[in-house]
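What follows is a short report on a single structure.
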Amino acid sequence: MRALLDRTFREAGGRVIAALAASFRDLDLAEEAFAEACARAIERWGSAPPVDPAAWLYAVGRRWALDRLRRRITAAGYRPDVPAPPPTPEDQAMALDDPIPDERLRLIFVCCHPAMNAEARVALTLRTVCGLTTPQIAAAFLTPEPTLAQRLVRAKRKIAEAGVPFEVPGPDHWPERMDAVLSTLEIAYAQAHADAAGLGPNADLAVEVLGLTALLARLVSEDAEVQALAATVRFTEARRPARLAVDGTMIPLTLQDTTLWDTGLIAEADLYLARSAALSQASRTRPGPRALQAAIHGAHAGRRKTGVTPWAAILGIYNALLGLRDDPVIRTNRAVALAEVEGPESGLAALDLTPIPGWLPWHAARGDMLVRIGHDAEALHEFEAALALGPSAAEQRYLAACRDTSRSRLSPFSA
Amino acid sequence: MQYALLIYEPEAEAYPAGEADEAWHAILTAHTAFGGELAQAGAMRSGAGLKSARTATTVKVTPESRTVHDGPFAETREQLGGLYVIDVPDLDAAIAWAKKLPIAGTGSIEIRPTLGMPEDA
């Protein structure tokens, strides 16, 4: 029974907390009110939750918060505008199919305000918009719980004291603000995806990010970059079942067994990608960085049907992407595509144009290309450099296997 | 809400000739216009432009003593050059004004909510 209740609270949490926070413009009050409503639910619900548990929790939480505010105001001796008392939970749940206003978009913009510290944005969004608990977020980010709790407290205090507005920003602020929202979701997903083993808290986090990107894509249906991010996380998540060999070794994207990919997620991703492309075309704007990234994932996903990766097309997209966003990740990935199209020598030359020593993917890509041109001694050096950077267990197994292969080719009799 | 916009500029780079610099006069003109715009929007509360940090005197305080020193409180690349106090609905509005604020070259504008009067009902 308790497990059922917990799941109900969890599912309702994001919407209820967001609606309460938007109506009272106070995140702390919203969280307290939700916790209070859950406590009452445990007493009252008995053997079964009501038909619409979220509506019940919202109505009870709202009454509690109003009482709390009135007492505060009476104590302070003055009465500013307070919203009228809401109908009883039962009235409210009966009155409408969907009585809770969906304020999650507003809350996403509050939590991902560029004036907030980037780490705090992620934690706050997961807490307020997804309803994850502090221990759950701490586990996913490998952050000690007290540290995370403090970060949340500080962030909420800043929102209240610095006057961060509880509004969806106007069109003139849109590009900057939306970019902050999308990067927050990217950080959250990167965390969920970081470990190829991807079990436990990380897999849960991935589910939350899938949900958030779907929500955002629905609420902001005319933004090509928003649609593109929803596509990218789905293409990536679809590959989760194929990322590990039976022995726990990471399998790189191009060697994955495509029959293990999640076709349902790929189909969803294809739809978001198509919508993103259609929006760019309709507005006659060039695709943004996230649209290009989604297109690259889409091209990789195509291997499932054709059996081959369209490297020339992928290289073309990377070239376009490099024109928008010149960063080491894109340079390295472009070099990998170049190696497939023009040969490992070209790829290697591209990698060496802007060396990034101390960055694992750069060493791993360089090692791979050196192997392909028969320079095992140098390759061995790169794999060792990559291994020294403390990769995850799955990556570590993969890199160690690469290193051992190069080593045995160098001195076949010592292996 | 009231916010202070604190303007930090690398004085030596922005105005090599100090107050005799052309850039100095240009920025003063720009600030006059900016102040006018703030006033017209009903957002202006107060403000002050500061003379060069070369003119600064600092009183350093410890529990035991208060001693007078030449120069600004910290030797940094950017110095406090002036401030506005504005009254706007929220942080986004304050950010929008800060983005429009005249700066000679590079610089930073720190936005800080001011302390309200305690429960001024």
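Backbone N, Cα and C define each Cβ position, glycine as well.
Feature annotation from TrEMBL assigns domain 'RNA polymerase sigma-70 region 2' to A:13-72. The domain 'RNA polymerase sigma factor 70 region 4 type 2' annotation in TrEMBL covers A:108-159. The domain 'DUF6596' annotation in TrEMBL covers A:177-277.
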*Take every residue in the domain 'RNA polymerase sigma-70 region 2' (A:13-72), average their pLDDT values, and give the whole-number result.*
89
*Tally of DSSP helical, extended and coil residues in the domain 'RNA polymerase sigma factor 70 region 4 type 2' (A:108-159)*: 37 helix, 0 strand, 15 coil
*Determine how many residues of the domain 'RNA polymerase sigma-70 region 2' (A:13-72) DSSP places in helix, in strand and in coil.*
50 helix, 0 strand, 10 coil
*Work out, from DSSP, the number of helix, strand and coil residues along the domain 'DUF6596' (A:177-277).*
75 helix, 2 strand, 24 coil
